[in-house]
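Participant: When I checked Swiss-Prot for this same protein, it listed these features:
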BINDING   206, 207, 208, 209, 210, 211, 212, 213  ATP 1 binding site
BINDING   610, 611, 612, 613, 614, 615, 616, 617  ATP 2 binding site
COILED    391-525  coiled coil
DOMAIN    3-146  domain 'Clp R'
REGION    6-71  region 'Repeat 1'
REGION    83-146  region 'Repeat 2'
REGION    159-340  region 'NBD1'
REGION    341-550  region 'Linker'
REGION    467-490  region 'Disordered'
REGION    560-769  region 'NBD2'
REGION    770-863  region 'C-terminal'
């Protein structure tokens, strides 16, 4: 018996049988060992072959295991285990069977045919569980497809379609695919291309997330429902799994062997199968080693001859990058462009998917949530595409509510923690014997019993709410199951069963569900508070958007409305004087938050003009602090760094071919990460004039294209440019009316900036020079900051009025604005106070009183 003539699979089974015999202390390898080893192989080909021949595989496996337990055992042999006489005879019979069929190698299924002729236990068991010679031979012929076994790996390449593809039509039949709404034109165009005589291979090209794969799933559903032309009826749509094809292909030629087996089976199928290759570009170069062919080249002949009916899908970028380079492959495909659906189409798609997501999460998705998901994702998530980004919002919001349902409500959690705290205290007080402790114990007992009653009431409400939600969820699941059953019955032509379900059971369950929801609503109205949410509304969608982008999308709370109405007062806490500037900025923010501003432009764009140190930069910081409660969302760009022409590339990123192309631009990358921010372009007149050309698009359309060709959204930013232009004029005309000063300054601005740049700015704001009264107020703000630093050391700072007046006097300089005041505070207060602290004159808990007398500042401690 030549074991080298066995196929690899058969050799593996023999080795497994030997191992099995050794493990069970059997002296010989019996036919039962080998048959069980064949049935336990990973790919399960022998098991599926037996099932195809009408054999009950599972009971047969159990019977074989049982028969092995009855075999005699010999302990302590330790030597080589040989083949028994029965098995040797069977293997010879197997060789004969293979020769009859003209095979060059002996395959596993030949052993099954030989085993049927066996007079021993194996043959008896096979016959007992339904094996017949005719059925087994028929099963072998259908698996082989008329092929002879010509190499040792022949078994591995069988049923390649089953191993390396996923049947989409079967998934559609069992209701596992999501419904495909709309996309009729694209599906019709795909069907049209599939019906061509040559080049009948459509490739769906579109941005990621627009629904290319969904179109193929829609085609599979139409084929199952019979809503396709006669030529496509009863065809299968198989999705090729490239990962499975490549996985485990260790040796040269193994991948090609697998792909060849797939193509061979498709050719034998005679056009009854449509192959879907998702991410088509992965075929170009897949499996390519030195001197070997890649998958793309292997597909070309099959595509050209029309043996392979193929639908591809890939993105625009990858199609251009990989497929277009291979002109011979590209010409075999017909392009079908898939555009991003609009907001209305997305709403229709979401309504179609609504039931599936409700069923999965066990929550109710309201119609306002669907509309909000489409509109908010379109407006605020600009770097992705509809409908994918809208579906993500619905999914995440529903998942969040589901998570809330599965965890303990916040109000109960707080009660629980409070009860634990009180019980710990009660145990501690119990050990004390004095009267005060006894009184405290009585109070604690009363408090604990009160909280326990409250907790028990809430627990009852929670249980009732959960049971209502569970009841409606069970009805929904049953409804979904019956609808799938009704569709299957209609397809089979079992109209009696379909009508029973459609006009009997389904309406009955729908009425039951409506009644349950009605009861739930009336129960919710009667019981307050409601402990957990069961609905996804527009507010929940807005929360998800806000969390993902940092943009406040949710409805304004009363507190925020008041905050916006009194915005000027809040900004004036940090910016002294400059009433006109503060008012203009506040108006722009109120316009945008109330929803009246143009959604395609930034919230506001301003040019702040004025002398140094009058509060231009400070107003930007105050604005960032007001909008985001921190200055982290202030993107500050010092335009003096962009004095050369080539420095524009630093703002938007280097173009292709230049060093730093992958890094992105300084401004564009920050805005992509923080789309809701205040952008401060400081000292704008110091930048090269070409920088302003880049800003034109931002100011007009609220977008900028970076060095990598990505569009960055500036629609949720406030853009502020500061400049010292006309500052001398402002100093000279400080006593004049604001409008007069503005007109004079604008004359100088127009000589420096181009008209198209000035024309795109919302407001040019002129900051006037500061007076002595303003400086005194600024001194108070700066001293309060010093007070905060001292408060960390547990000290208080009190500055007398004369000392404050002196500081304002020393720090006042009409040319330099408020900046000299900082230096004055450092020189007059911080420096001497630092010495006093180091000498130990003040300690924690002291109040430091600062007074001015005899020409200098004096510090005294008040304890």
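Every residue, even glycine, has its Cβ placed from backbone N, Cα and C.
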Participant: Applying a 10 Å Cβ distance cut-off over all chains shown, what neighbour count does residue 206 (ATP 1 binding site) have?
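Facilitator: Result for residue 206 (ATP 1 binding site): 21 other Cβ atoms within 10 Å.
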Participant: For residue 206 (ATP 1 binding site), identify the closest of the binding-site residues 613, 615, 617, judging by Cα separation.
Facilitator: 617
Participant: Between 208, 610, 611, 615, which of the binding-site residues has its C-beta surrounded by the fewest other C-beta atoms within 10 Å?
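Facilitator: Among the binding-site residues 208, 610, 611, 615, the sparsest Cβ neighbourhood within 10 Å belongs to 208.
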Participant: Among all chains shown, work out which of the binding-site residues 209, 211, 613 has the most CB atoms within 10 A of its CB.
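Facilitator: Compared across 209, 211, 613, the most Cβ atoms within 10 Å surround 211.
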Participant: Looking at the binding-site residues 210, 614, which one has the fewest other Cβ atoms within 10 Å of its own Cβ?
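Facilitator: Among the binding-site residues 210, 614, the lowest count of other Cβ atoms within 10 Å belongs to 210.
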Participant: Tell me which residues of the chain lie with their Cβ under 8 angstroms from that of residue 207 (ATP 1 binding site), as long as they are six or more apart in sequence?
Facilitator: 315, 316, 340, 385
Participant: Please report how many Å separate the Cα atom of residue 208 (ATP 1 binding site) from that of residue 617 (ATP 2 binding site), as a whole number.
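Facilitator: Their Cα atoms are separated by 41 Å.
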Participant: Among all chains shown, work out which of the binding-site residues 213, 612, 617 has the most CB atoms within 10 A of its CB.
Facilitator: 617
Participant: From the centroid of the CB atoms of 206, 207, 208, 209, 210, 211, 212, 213, the recorded ATP 1 site, which same-chain residues not already listed sit within 8 A by their CB, in sequence order?
Facilitator: 214, 313, 315, 338, 340, 385, 388
Participant: Take the region 'Repeat 2' (83-146) and average the pLDDT across it for me.
Facilitator: 77
Participant: Roughly how many Å lie between the Cα atoms of residue 616 (ATP 2 binding site) and residue 213 (ATP 1 binding site), rounded to a whole value?
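Facilitator: Cα of residue 616 (ATP 2 binding site) to Cα of residue 213 (ATP 1 binding site) measures 53 Å after rounding.
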